[in-house]
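Here is the structure we will look at, set down as C-alpha cells.
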Amino acid sequence: MELGLCWVFLVAILEGVQCEVQLVESGGGLVQPGGSLRLSCAASGFTFSSYEMNWVRQAPGKGLEWVSYISSSGSTIYYADSVKGRFTISRDNAKNSLYLQMNSLRAEDTAVYYCAR
C-alpha cells in the first residue's frame with residue numbers, strides 16, 4: 001500500500017511539472033490584404049533553447065495547418081508552401097521567444113495562430 005501511495009505522489013509531481021509549461025502568443029490584429037503582422041510567442045516552464053518549435057494555424061471552420069518550423073539553434077527552417085516567401089520564423093533563445101513575421105498577408109491567412117513545441 002505504501003508503495004502505491006508513493007507512485008501516485010510521483011505521478012502527481014510529474015503532472016505538476018508538465019502543467020507549468022506555457023506558450024503565450026501575442027501580436028495578432030486586423031490588417032488589410034497586403035499588410036504585415038509580427039506574432040510573438042513567450043515560452044516558460046521548459047528549456048526553450050533545447051526545443052524545436054513550430055507555428056501552426058487554424059482557419060475558421062478548418063483543421064490545424066502547419067505553417068513553419070525552426071530548429072533549436074535556429075539554423076534549420078522550413079515553411080509550408082502557402083506561406084513561403086511571405087512569412088519568416090525566428091527565435092531568440094536568450095528571451096525564450098519565438099516569432100513569426102507575416103508579410104503580404106492574404107484573406108486566406110485569416111486564422112488563429114499557435115506556437116507549438
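Positions of Cβ are set from backbone N, Cα and C atoms, glycine also.
What Swiss-Prot says about this one:
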SIGNAL    1-19  signal peptide
REGION    20-44  region 'Framework-1'
DOMAIN    20-117  domain 'Ig-like'
DISULFID  Cys41-Cys115  disulfide bond
REGION    45-52  region 'Complementarity-determining-1'
REGION    53-69  region 'Framework-2'
REGION    70-77  region 'Complementarity-determining-2'
REGION    78-115  region 'Framework-3'
Hey, which bits of the same chain come close to the region 'Framework-2' (53-69), Cβ under 8 Å, at least six residues off its ends?
39, 41, 43, 76-80, 82-83, 87, 89, 91, 98, 100, 108-117
DSSP three-state assignment (helix, strand or coil) for Cys115 (disulfide bond)
strand
Given the region 'Framework-3' (78-115), its same-chain partners at Cβ distance under 8 Å and 6+ residues beyond its ends are 23, 25, 28, 31, 33-44, 48-49, 53-60, 62, 64-70, 72
Mind checking how the region 'Complementarity-determining-2' (70-77) divides into helix, strand and coil residues in DSSP?
0 helix, 2 strand, 6 coil
Secondary structure content, the region 'Complementarity-determining-1' (45-52) (per DSSP, counts of residues)
3 helix, 0 strand, 5 coil
Within the region 'Framework-2' (53-69), what mean pLDDT does the predicted structure show?
98
